[in-house]
Amino acid sequence: MGRFSSLCALTAVIHSFGRVSAAIGPVTDLTISNADVSPDGFTRAAVLANGVFPGPLITGNKGDNFQINVIDNLSNETMLKSTSIHWHGFFQKGTNWADGAAFVNQCPIATGNSFLYDFTATDQAGTFWYHSHLSTQYCDGLRGPMVVYDPSDPHADLYDVDDETTIITLSDWYHTAASLGAAFPIGSDSTLINGLGRFAGGDSTDLAVITVEQGKRYRMRLLSLSCDPNYVFSIDGHNMTIIEADAVNHEPLTVDSIQIYAGQRYSFVLTADQDIDNYFIRALPSAGTTSFDGGINSAILRYSGASEVDPTTTETTSVLPLDEANLVPLDSPAAPGDPNIGGVDYALNLDFNFDGTNFFINDVSFVSPTVPVLLQILSGTTSAADLLPSGSLFALPSNSTIEISFPITATNAPGAPHPFHLHGHTFSIVRTAGSTDTNFVNPVRRDVVNTGTAGDNVTIRFTTDNPGPWFLHCHIDFHLEAGFAIVFSEDTADVSNTTTPSTAWEDLCPTYNALDSSDL
């Protein structure tokens, strides 16, 4: 325990300067607790992993077995005392029980207890993240970066540096606990980059600093840990060459700005080819205070040898903004199925709606079951109608091509664009936001899709090769809380043959169900 405590202390010190902490993993403890933090100069209670925000960087190599023991020491009932952690982007083949979505894949971990997540990064590498998947708890702080390195990275010759110093996290930060604030906040109080930021009208607190050496090439890993807004990200005076989207390698694509939605990740190569100086890093949110006055929504790119002062660089108009449709997967780029809309084994159209309080998909608002879907399946329930109320769960056949469409009208999806995340898979986006064109030859492939605005009909495809119940939901956490989700039960009959939960997993529900309401 002494070595672990020392690591936590070191992590806290490093985070105070807006740098990503020393990496932990793939075998590690992750202690979840409450503490007061002031990342933008305003002090509030938060939910933290290992005592820091964002949570510590967890790393491993392609093929590694991750064993992460989550210890729940939460005591503040306003932000929930229970927790459940989702390892965003991992397929969890054969370990659906470790996916972490509360009441879909497990019961929450009760305060005073621990739970070991044990899964393997089989054939996966890239940029991931982890966060609470219980109510809106991650908005209160429980979110952090995760990287799986590939010793045989096909893009390795494009960069010189790829380590904890090249992680860039974007987070919306609220001065009020999620359960005490508005159901649908109109913007956050501040944007935090690597855990630091300023809020409008606040003090000029320290900004995060990312240091580079002139002449070197850096693989920057950009992660949106957002609960709500999307961001337009840029670095004054520098282009960015994207090589990865959501842990999928893509052909290099050079841009000067990236619009990134909640849950999405990008790797881009930044060449430090400018004068030795300080340059603003900018993350303009889609809601809230949408300016850079006084250094808000900003961080600093500092060349070694530059003065330790705020930059004086100015924002310029983007001339090479990212168009998602221009991203081409490096390997096996073709979408599954036939090259026409509907040319799949199973096509599903998802109609959205909102009644002022709840979101609906095909006229149903998702309500978490009291018994997790996976537990129901393993207990012998296989009918979609028996697992969840009609319309909340769709049974998908095995080894089939699936097409999902998200038509958006002027009235059916307030708060658009909505970023939708599918657990257990990546998918090909055969029709992207802002376009009526289709691409079945080499469409972008990822695990979070911007479903666009009025007139869009974003369409994705994937293949059912991963038995289990998988969540599909809006990654604006306030919208998920309001029912904006469905569950796919994939190859339901084979789940019991491919998924063997741990004994500790089986104990989660009896322990959670025995809690007093004040300890939930």
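Glycine is treated like the rest: Cβ placed from N, Cα and C.
If you look up Swiss-Prot, you'll see His86, His421 marked as Cu cation 1 binding site. The Cβ neighbour count for His421 (Cu cation 1 binding site), using a 10 Å radius and every protein chain shown, is 24.
Here Swiss-Prot flags His88, His131, His475 as Cu cation 2 binding site. Sequence-distant contacts of His475 (Cu cation 2 binding site), defined as residues of its own chain at least six apart whose C-beta falls under 8 angstroms from its C-beta, comprise Ser226, Tyr261, Ala262, Gly263, Pro419, Phe420, His421, Val448.
Annotation comment: Swiss-Prot describes His418, Cys474, His479 as Cu cation 4 binding site, evidence class similarity to another entry. Sequence-distant contacts of Cys474 (Cu cation 4 binding site), defined by Cβ-Cβ distance under 8 angstroms and a gap of at least six in the same chain, are Phe359, His418, Pro419, Phe420, His421, Leu480, Phe484, Ala485.
The annotation domain 'Plastocyanin-like 1' is assigned in Swiss-Prot to 24-149.
What Swiss-Prot records for 161-303 is domain 'Plastocyanin-like 2'.
Swiss-Prot lists 370-491 with the feature domain 'Plastocyanin-like 3'.
Within the same chain, the residues at least 6 positions away from Asn73 (N-linked glycosylation site) whose Cβ sits under 8 Å from its Cβ are Thr31, Ile32, Ser33, Thr111, Gly112, listed in sequence order. Taken from Swiss-Prot, the feature N-linked glycosylation site applies to Asn73 (among others), supported by sequence analysis.
Annotation source Swiss-Prot lists N-linked glycosylation site at Asn76 (among others), citing sequence analysis. Using a 10 Å Cβ-Cβ cutoff, Asn76 (N-linked glycosylation site) registers 16 neighbours.
Residues or ranges marked as N-linked glycosylation site in Swiss-Prot (evidence: sequence analysis): Asn239 (among others). Less than 8 angstroms from the CB of Asn239 (N-linked glycosylation site) sit Thr254, Val255, Asp256, Thr271, Leu320, each of them six or more residues away in the same chain.
In the shown protein chains, 9 other C-beta atoms lie within 10 A of the C-beta of Asn399 (N-linked glycosylation site). Here Swiss-Prot flags Asn399 (among others) as N-linked glycosylation site, drawing on sequence analysis.
According to Swiss-Prot, the N-linked glycosylation site annotation covers Asn497 (among others). Its own atom aside, the Cβ of Asn497 (N-linked glycosylation site) has 9 Cβ atoms within 10 angstroms in the protein chains shown.
The separation of Asn497 (N-linked glycosylation site) from His88 (Cu cation 2 binding site), Cα to Cα, is 24 Å. The subset of recorded positions (Asn76, His131, Asn399, His479, Asn497) lying with their Cα within 10 Å of the Cα of His86 (Cu cation 1 binding site) consists of His131, given in sequence order. For His418 (Cu cation 4 binding site), other Cβ atoms within 10 Å of its Cβ number 25. The DSSP breakdown of the domain 'Plastocyanin-like 2' (161-303), given as helix, strand and coil counts, is 6 helix, 71 strand, 66 coil.
Taking DSSP states H, G and I as helix and E and B as strand, the domain 'Plastocyanin-like 1' (24-149) has 10 helix, 60 strand, 56 coil.
The Cβ of His479 (Cu cation 4 binding site) lies under 8 Å from the Cβ of Phe184, Phe359, Gly415, His418, each of these being in the same chain and 6 or more residues away along the sequence. Other than His88, His131, His475, the residues of this chain whose Cβ falls within 8 Å of the Cβ centroid of the Cu cation 2 site are, in sequence order, His86, Trp129, Tyr130, His133, Tyr138, Arg143, Leu225, Ala262, Gly263, His421.
In sequence order, Phe359, Ala413, Gly415, Pro419, Phe420, His473, His475, Ile476, Leu480, Phe484 are the residues of the same chain, not among His418, Cys474, His479, whose CB sits within 8 A of the CB centroid for the Cu cation 4 site.
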